[in-house]
Amino acid sequence: MAGCGGDLSALDPAGPFAESIARLWWAMLLGAIPLFALVVGLFLLTVLRPGFGRRLSAKGWIVAGGLALPLPVLTALLGYALFQGEYRLGRPGSEALRVEARARMGQWSFAYPDTPGAPVTVGVLHLPAGRLVEITVTSEDVIHSFWVPRLGGKIDAIPGHETRLRLLAEAPGTFGGVCAEYCGVSHTDMRFTVRAHEAGRYAAELAKAETGAE
Amino acid sequence: MSGRPASRPVFLPILAAFTIWAVGFLALYGLQATGCRLGWQDAELLPGVTHLRLALCLLLAGLAAAVVAVVLRLRRLPAGFARTVGLAVSLAAAASTLFSFSGVFWLSLC
Amino acid sequence: MSNEPERHPNAIHRHRALDAIWATGPGLQRLAAVNHNVIGKRFMLTALVFFFIGGVLAMLIRTQLASAQSPFLDPGVYAQVFTMHGTIMMFLFAIPFFEGMAIYLLPKMLGARDLAFPRMSAYGFWCYLFGGGIVVAALVGGVAPDSGWFMYTPLSSRLYTPGINADVWLLGITFVEISAMTAAVEILVTVLKLRAPGMSLDRMPIFAWYMLVVAGMMLIGFPPLILGSILLEAERAFGLPFFDPTRGGDPLLWQHLFWLFGHPEVYIIFLPAAGVLSTLVPVFAGTPLAGYRVVVAAIVSMAFLSFGLWVHHMYAAGIPHVALSFFSAASALVAVPTAVQIFAWLGTLAHGRPRFSVPMLHVFGFFTVFVIGGLTGVMLAMVPFDWQAHDTHFVVAHLHYVLVGGFVFPMMAAAYYWLPHLTGRQPVHHLSKIAFWMVFAGFNLTFFLMHLTGLRGMPRRVHSYPADAGWEALNYLSSVGSFVMAMGFALVALDLLLIARFGRAFRRNPWKAGTLEWAMPTPPTAYGFAALPAIDRRADTLDPDRIGPELAAGRGYLGGTRNGWMETLGVDMATGRPDQVVVLPRPTHLPLATALATGGFFLALLFKVYWAAPLFAAVVLALFLRWTPQTGLTADLGPLPIGRGEEAPHHAEAEAPPSQWAMVFTLAADGTLYVSLLFGAFFLWLSAPNWPPEQLGGTAYPAQALGMLGLLLAAGMGRRAVRKAAGAVPALTAGALGYAAALAGIAWMAWTALPDPTAHAAAASMAAVLAYAGLHAGIGLVLALYGIHRVRRGFVSPRRTLDLRIGRLWHDYTAVAGGVALAFPSLLATLARHGAVP
């Protein structure tokens, strides 16, 4: 869709998790437009055309618009969203490849416990394309938030806690990542890059990856 | 001497059911967190039903029963402001209890 | 002293007599003002000044973001700017503005002459002014808070914010919150007790219902924030590690406490505005509000639900999905009572004959903008979508749609609607429409685009962004829109000034409204009503054109004057039957002096002159005790004639006077703070890393027993004192001794059973709970001694036990809370020992 692209656009998904959330967004937007038009339209009609809607009793207005309209919509939406949330969270200890992300002011670093001999990379996260990755996130100082919009939602990096996020990049490529939680004056520059490699070449690429900051 | 008796018939019917909802909210959230902390989600009672899920479901059933009891009690009040508003609020609280907490039946617990 | 009121031959004579009693004096006497007209206007004007400052900060933000990589502000200054924009708009504009509006309007709509505690409203105003002044002074000095208006720890902890910036926020805003708490108690008691005779609960104007619910929410919503601020300041100043993960604290505790306040806060701001709409829409529709009882049910439901959605600010914090589902569902559900109100307004319009006027233009602004904000709110309530949109400009757009749509547009409608009441001048609309359209168009241009900016990945609170991110055009247009909107607001301000200065004078009730505030001269006199009306129907379907002249002629309750008293009527809260004559205190400089001393206390903490803080606290206490000689009676009066052949006792002889209810509500707020503290400790045990602590401590049975027995003795003697009335001195003395024993027990406990509170959050929690108990026992001791003083001065008789009954409430509460506090260290230690992480 035009106007929705970009290295950090949640509307330009590159994996199933971001894809499912983008789908949820478009569905909600399509639902919201008629609801908005209905309420504002009714306001204008009642004010500009006196007598409009008088056949429906005042109580009828409240029951129809206040209960009958929102309750089914909200029930369906909530059920769908919770179902989708379960899908994204998955079960712990599945077949996912483990990666550890550590945040500190101005910098992200990544370790790869499932890939023997891999260096700790700073500012670049290497992933195999087409494989589920479970990232364990924590912080050394203040609260940060790990976010790769094109792959999926964000998760906070909290000192003293470990949080989990599952990501999957469908195809090889490069994606932008940012810190989403305000973390001091270096917040703006606390960016990182995600490189998704072809699964077969992942170990080799990772082994020759540079450790230092970009 | 406190002057409270005069007010009780108006505010109690209006506030009772949602107060149960609010206390229940905290209790469910607290029970869930305590259960996760103490490892109650690992012991399965039946296949797929852990101790924690059972405890949460029982608590929810208790809450729902309490809110329904309030609704039934309010129906016996004489007609008037307190009854009308109290019943409307209490029915909202009953619906909210089901709506907000039914995740305990099927969502991941910890 | 006479029980019989003095009658006045005509309206002019009556006006002069009442004005002499009620009016605020000239010159320095203005600083002694306690009248709700004056205080309400001061609140609103001060809030508008802060709105201007916050608006200028917003324009700085938009200037900075208009282009990629802008060098306009450096990151440190930018952090102060966005932190202060949020802080000012929330704490120094929105809340005080509606407080001022409620202070100004409520007595008039309820048919009372003033609020229940005029000196408290004056004290609250000064606290607001001085607290806000401290925060803005820090901005001028370049040391303003800079960790975001939400102040997340550890960023706001001493390690990462070593300067004074965070202390300014914690102390300055807590100082301001005193005004929110006094306003909450004031509004609750006024709406419940100070109404015109016959105005039962189901006849109250709907605005009073809204404010009743809002005040109740403030009473429960603010204490968690105040507690969080105290704990964080204690961590910063004295090293008690409540939020430090290396010592058993948890940054998530701050988030819970902050948002437990912060989300109800949104509804605390929205509901007064909705109350305005529920008042205005029927007037312009020319028909009473549809579904009055359903609307009352909706706002009560909304109040409760709004306390069940705070975690939707924390969806990305790794909280288990089932817990998120509770909050997600409540967040979605809160849309239902909102929809009920919106369709009640639409139904009212459908069944009336709507007139389109400038206030209705702003109501249109509300409908358009707020509905979008509500729809995006439901979207954000959905957990997966929030994982993407959280902390992006999508949320910035959403919250501005909610707050500007749900507060600013209704407040502008209210300004156009009630300005004739404030000034006595009716609008001549030249600028009004163009001003509205500029605000409306500018607003939508600024914020509608931000939804897209956010979804395309722009995080909040960044001071620059790469040119190739594709956000520059959107940001540029947003900035253009914001300047159009700013010019629109300037035009609104100019328009209101012009109306106030050049508007046409009018006779009465220009909008043909049905509420009591129009049944008085405009601009209003200090006493409002020359006599109080008898209400026989819903008080938004009255006829001010008929009632006004009758009241001016003294036909009604309290139409005469008596002993120079400032009199208004108190009623039974359910039925509206008059049950007392409330005699209000006269203008005094004491609120100002007390607020200055309170300011001294906060400044001593801010500048770390810790030895001075207790001195200022003692001065504050002494000044508060100086408030009391004016109130109360030294002789029994018996029933007083109140007009229309009825009688009622003086409030000092009444069963349930306002001050007794004030104590009940104060204790409710106090109890909320205490429960939050206890839950906080429980939460740390559940969630914080580095538990259990190395040293548990927690038990000293003799000390615990001594403390509990002392508290029980004090409570028992407090009850006995009420029964003994004028002979209460021995009981009160025994009660004071009980408190002395309790204080000794608490100190002993702290000395022997408390590990180093800076070593671990468990010990810090125990220290905080014991300090809470100690503070309450200390105040209880003062109240017992104060009771002795009042008995000796003759303020107490079997008919006049009010002072002792207020004391009894405190003693009972302290016995319960203190007992829990003394047991708490043992409980926490047990929990920590047995619940070690598996």
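Placement of Cβ uses the backbone N, Cα and C atoms for every residue, glycine included.
Residues annotated as domain 'Cytochrome oxidase subunit I profile' in TrEMBL: C:16-536.
Residues or ranges marked as transmembrane segment in TrEMBL: C:43-61 (among others).
Per TrEMBL, the feature transmembrane segment maps to C:125-144 (among others).
Annotation source TrEMBL lists transmembrane segment at C:266-285 (among others). Note on the transmembrane segment (C:266-285): residues 90, 94-95, 98, 101-102, 205-207, 209-211, 213-214, 217-218, 221, 295, 299, 302-303, 306, 334, 341, 344-345, 348-349, 351-357, 359-360, 363, 366, 402-403, 406-407, 410-411, 413-414, 417, 511-515, 540 of its chain, located 6 or more positions outside it, place their CB under 8 angstroms from a CB of the stretch.
Sequence-remote contacts of a segment are chain residues at least 6 beyond its ends whose Cβ falls under 8 Å from one of its Cβ atoms, and for the transmembrane segment (C:323-346) they are 267, 274, 277-278, 281, 289-291, 294-295, 298-299, 301-302, 305-306, 308-312, 315, 367, 371, 374, 377-378, 380-383. Taken from TrEMBL, the feature transmembrane segment applies to C:323-346 (among others).
Residues of the same chain lying 6 or more positions beyond the ends of the transmembrane segment (C:395-419) and with a Cβ under 8 Å from any Cβ of it are 89, 94, 97-98, 101, 105, 266, 269-270, 273-274, 276-277, 280, 283, 357-363, 365-366, 368-374, 376-377, 380, 389, 425, 427, 432, 436, 439, 443, 446-451, 453-454, 460, 492, 496, 499-500, 503, 511, 517. Residues or ranges marked as transmembrane segment by TrEMBL: C:395-419 (among others).
Beyond its flanks by at least six residues, the transmembrane segment (C:431-453) meets 62, 358, 361-362, 365, 368-369, 372, 376, 392-394, 396-398, 400-401, 404, 412, 416, 471, 474-475, 477-489, 491-492, 494-495, 498 of its own chain at Cβ-Cβ distances under 8 Å. Residues or ranges marked as transmembrane segment in TrEMBL: C:431-453 (among others).
Counting residues 6+ beyond its ends, the transmembrane segment (C:473-498) has Cβ neighbours under 8 Å at 55, 58-59, 62-63, 65-68, 412, 415-416, 419, 428-432, 434-447, 449-450, 452-453, 456, 458, 465 in the same chain. What TrEMBL lists as transmembrane segment is C:473-498 (among others).
The transmembrane segment feature in TrEMBL is assigned to C:609-627 (among others).
Taken from TrEMBL, the feature transmembrane segment covers C:661-686 (among others).
Listed as Cβ neighbours of the transmembrane segment (C:698-717) (distance under 8 Å, sequence separation of 6 or more from its ends, same chain) are residues 731-732, 734-746, 748-749, 752-753, 766, 773, 777, 780, 784, 811-812, 814-815, 818-819, 822-823, 825-830. Feature annotation from TrEMBL assigns transmembrane segment to C:698-717 (among others).
Sequence-remote contacts of a segment are chain residues at least 6 beyond its ends whose Cβ falls under 8 Å from one of its Cβ atoms, and for the transmembrane segment (C:729-751) they are 700, 702-718, 720-721, 767, 770, 773-774, 777-778, 780-781, 784-785, 787-788, 791-792, 804, 811, 818, 821-822, 825. What TrEMBL lists as transmembrane segment is C:729-751 (among others).
Sequence-distant neighbours of the transmembrane segment (C:763-788) (same chain, 6+ residues past either end, Cβ-Cβ under 8 Å): 231, 234-235, 240-242, 249, 621, 625, 628, 674, 677-678, 680-681, 684, 693, 695, 697-698, 707, 710-711, 714, 717-718, 721, 728-729, 732-733, 735-736, 739-740, 742-743, 746-747, 749-750, 754-757, 796, 803-804, 806-807, 810-811, 813-814, 817-818, 821-822, 824-825, 828. Sequence annotations record features per position, and here TrEMBL assigns transmembrane segment to C:763-788 (among others).
Beyond its flanks by at least six residues, the transmembrane segment (C:609-627) meets 119, 237, 585, 588, 590, 593-594, 597-598, 600-601, 782, 786 of its own chain at Cβ-Cβ distances under 8 Å.
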